[in-house]
Every structure is written in C-alpha cells, then in structure tokens.
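Novice: I'd like to ask you about the structure that follows.
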C-alpha cells in the first residue's frame, strides 16, 4: 500500500470536499435527529456573550484543514479521547503537574496530534480577543472544532449543544487506559467500555465511522499480519499492508480508509464488508453478529450513516458534562486557572508531529 498522500494532493482533496460538502451539511444540520439535551446545555448558549463563536471556530478550522488535511482527523480524535475519559470536560488538554502525569502522557494519547492541541489553543485565543474575555470554554471549543472538522471533510453538519465547563483536574493514567480500548479489542470488549458511558452498539458502529479519515500506525495492526495474516483480512489487502509494514515494529503509517482517506464518507463500512478494515476493532464490527447488520446498512446508505453519526456524536459530546457553576472556564486550555489570573501563557509542548490515529479505537 502506498504511503499517505502528499501535502499538495491532500490539500487539493480537502478543497474539493469542502466545496462539495456545503449543501449536504446545511441540509443535515436542519433536519437531523437530536438526543436529549443534558441539563445546562443549549444551542444558543453564547448568543449574547459571544454571538460569533461558532463562525469564528468554523473559519479557523476551514483555513487550518486547507493547509493540513490531517488536522481534521486530529481534532475529531481529540474530542473523542476527551469525552471517553472523565467526560467532555477538556481534561485531555491539561498538562501534567506535581500531582502526576496528565492524560496526554497515557499510552492511548501519546499519538494525539500536537497540531490539534495547538489549534484548540489558537481558537481559544481568537475567541478571547473577539469576545472581550474568556467566555467560551475549552470543552466547547473541542466540540465545535470536531464538528467543523467533519463538515470540512465532507461529512454531516449537526447542531452542537453548548455550555460545557472545563475540569480543573485530569484523569489518572489507569482511568485513561480503562476508557480508551486498544485497536486490538473486539466488539464484546468495546461494548463493555461503552456501556459504562451510556453508549450502545449503534453508537459504537456509527462513531467508529470516524475512522473514515486519519492514519494508523503499523504497530497497531501488526497482530493481524504476523506471524500469519488474520483470516478475516482480505488476502490482497493483507499483501498491500505487508509491503507497507514488512516486519513487526515497522515505524510507518497507512490510511485508516483505503478508498477515500481524506473524505468523511461511508467508504469505511464498504471497506469492512470487503474485509479491508485496518484494526481488529474495525473489522470485528463486520465479523460480529451483533453489529454486522449496522455495518451493512451504513455501507449501503451514506445518508443513514451520516444521520446516525450526527446523533451519536452529539450524544457522546454530552457525557458527564460540567455545567452551571461546576468546573471552570479556563483562561489557558493547557492549565487549570490560578487564583486572580486572567490569562496564562500556553504550555502545550511542541514535539515532533506524530500524525498517527491508531493507539486507541477512537
């Protein structure tokens, strides 16, 4: 299999997808089903305090993804990894402290894109300037940026409930490991994790469709290649993967969606039907009787996938949210507020870009 597209080619794909997605996104936003709203959230939360909040986030994401098509998957994954551990409270953004390492240092989060963290801080800073102070929470920025990343990649738009507040603490390393199952997990293990946060089999299949964009590292699926190919893996596809990953421990990446790696569409499910899912956690959705019918349904109908993804991601985005007087509105997304401090310097470490979406199912 060939490596990920060049930056120029990827940018061209992103631009085409952006143009094609506008009418579809508008229609989906106006007619999509909505799960019940968590108490304290609303669709017009910033109507008075920061009326341009959503347009500011949208504009930033559109421009940023045009320059780096891989950022869309990075922002979407960041929202997922935040919500699955301790709820949607932006705790994944917090740097470690004297009390211990932050969530970013846990194995499933080691390959979250540094550029995605930087983008959230950039957006938050822009909102601070445009809205006359720290008004919009980091957790709401995460939710909005994830939605706009889906849209700019050609996926459905959906209304994002707003009003989340930010946690003043991060989860333990063990809680991160418990909340983010590995890509080697099969459906029973995945459902066991999701059932603890009020997500079901339909949510699992729909949210896994986020793998229609992004990259996976060889080490995250090498168990399907060595010592012998997984029998659920298409033989031709297995051969392509072996050329990309010729030995265990190979430090290379490949698209999660072999057909349309930069477009948010239903081809991920077509891949599964053709036994071309990259991870065990992907392919087992088709192998397992409990989830197979949903994979078939989404492979046949992109509309059905988009409708369910929009519903499930909004449902996910309300897991254990902090509202009202709970938590805080951070002045710096990377650090809890200090008493009497209005703005803190950013502290997200700049490290080598990992560009890997693979050390966790989501």
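Backbone N, Cα and C define each Cβ position, glycine as well.
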Novice: Name the residue, out of 202, 212, 219, 291, that Swiss-Prot lists for the same Ca(2+) 2 site as 257, 260, 263, 265, please.
Specialist: 212
Novice: Given the recorded positions 87, 89, 109, 131, 234, find the one whose Cα is closest in space to the Cα of residue 138 (disulfide bond).
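Specialist: So, spelling it out, the nearest of the recorded positions is 89.
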Novice: List the other residues in this chain whose Cβ sits within 8 Å of the Cβ centroid of the Ca(2+) 1 site residues 82, 85, 87, 89, 91, in sequence order.
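Specialist: In sequence order, the nearby non-listed residues are 83, 84, 86, 88, 90, 92, 103, 139, 167, 171, 320.
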Novice: Near residue 211 (heme b binding site), which recorded positions out of 85, 91, 218 have their CA within 10 Å?
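Specialist: Near residue 211 (heme b binding site), where near means Cα within 10 Å, there are no recorded positions at all.
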Novice: Give the residue from the glycosylation sites 109, 234, 332 that has the most other Cβ atoms within 10 Å of its Cβ, counting over every protein chain displayed.
Specialist: 332
Novice: Would you mind reading off the Cα separation of residue 88 (disulfide bond) from residue 131 (disulfide bond), to the nearest angstrom?
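Specialist: Between the alpha carbons of residue 88 (disulfide bond) and residue 131 (disulfide bond) there are 23 Å.
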Novice: Measure the Cβ-based neighbour count of residue 218 (disulfide bond), defined as the other Cβ atoms within 10 Å of its Cβ.
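Specialist: Neighbour count, Cβ to Cβ under the 10 Å cut-off: 21.
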